[in-house]
């Protein structure tokens, strides 16, 4: 495989809150096929939204949008807690242990403390990852806010959530190896998961990945060959989960793309380079995720902001917003009053309260001027309107970042439909951590150039 050959993960995605009205078979058949493809542009995989009926690991089809927002709020709360300078009020850790269900031999025993982490699953896109020799494909959620990649493993000595397809069986892979507690990668788990590692009675390193909605995975740090189509990478470190509980849809596990030595990005970087890009698509369209080289000419860039709060997350500096071409009535310093991250798994963008208030007032005034009626608040969304985003006149909204990068948002990036008759402003206020969420990123090509410490935006990325 050539150096810097990008991994092009082509995605299809159907984001519908209500049950789809079109025939599911015909819709999914029109999407890009799931089998890996290799051509001159790289290796191609399909990426789905977890609520898509075409996803290989879907969430329940009747999942209320209010539940999506509840889990989104849990994710945001934990991201804020990660960045807090004082964690004295953090929720208490809860212990768990790896014990075989029919236990006489206790070789796998390890008791570890769990602290809550980022809510996962409801806002994260899904792709396929190959593991082992011979390789078997598994449906995995992708997350820029997480570092460690893990998946459920046989014999699943404590508990496993229901997943699409069989569990990974380490005994079936000729290249599988468990990682000893003495390995440096075991020491890296604290930074990768924000939880300490533990050691089994047989000296195997135990990881613990916990999430803000009480989902978690605990198991053995392992290494094996990871593959995408015909491209394979040996000695990939990941978690082999033996106790996996929570809302993960029917995915086998998670792929971490954060800035950490154990993330997929950093482990593949010696072959592919320290950059990845994606386009998160809208309903029934296609997008992509690439790991490797990209064409910089189409992007406007903003520097990755430096922060000592959490070295694994991607920080940016929001410098301004406008509605209908007019800047918001807020002091420029308010935009930078909170740390701001960009995140693929957060659905609703969070803004400093003063900025959000100005945005809400400006959008509501423009909507009223167009004859659109207001509607009651919905869950965490307090600026709502009668109708659907695609059928009402929405003012132009722009987000500007340090360095000159700009996102000119379309109606689908400004409003989000919460039911058949109501659409709401897809932003919410915060007094802790500002987050650029995935609703605003949809249809943009977004590149994370870690090597040059910059993030770029380009419109029309999914076309």
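Glycine residues also receive a Cβ, built from the backbone N, Cα and C atoms like all the rest.
What you see is a predicted model, and the numbers here were worked out from it, not measured in a lab.
Per TrEMBL, the features are:
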- 143: active site (ACT_SITE)
- 343: active site (ACT_SITE)
- 125-458: domain 'Peptidase A1' (DOMAIN)
- 1-18: signal peptide (SIGNAL)
Whole-Å Cα distance, residue 343 (active site) to residue 143 (active site), is 8
Segment confidence, the domain 'Peptidase A1' (125-458), expressed as mean pLDDT
93
Using a 10 Å radius on the Cβ of residue 343 (active site), the other Cβ atoms enclosed count 26
Count of other CB atoms lying within 10 Å of the CB belonging to residue 143 (active site)
25
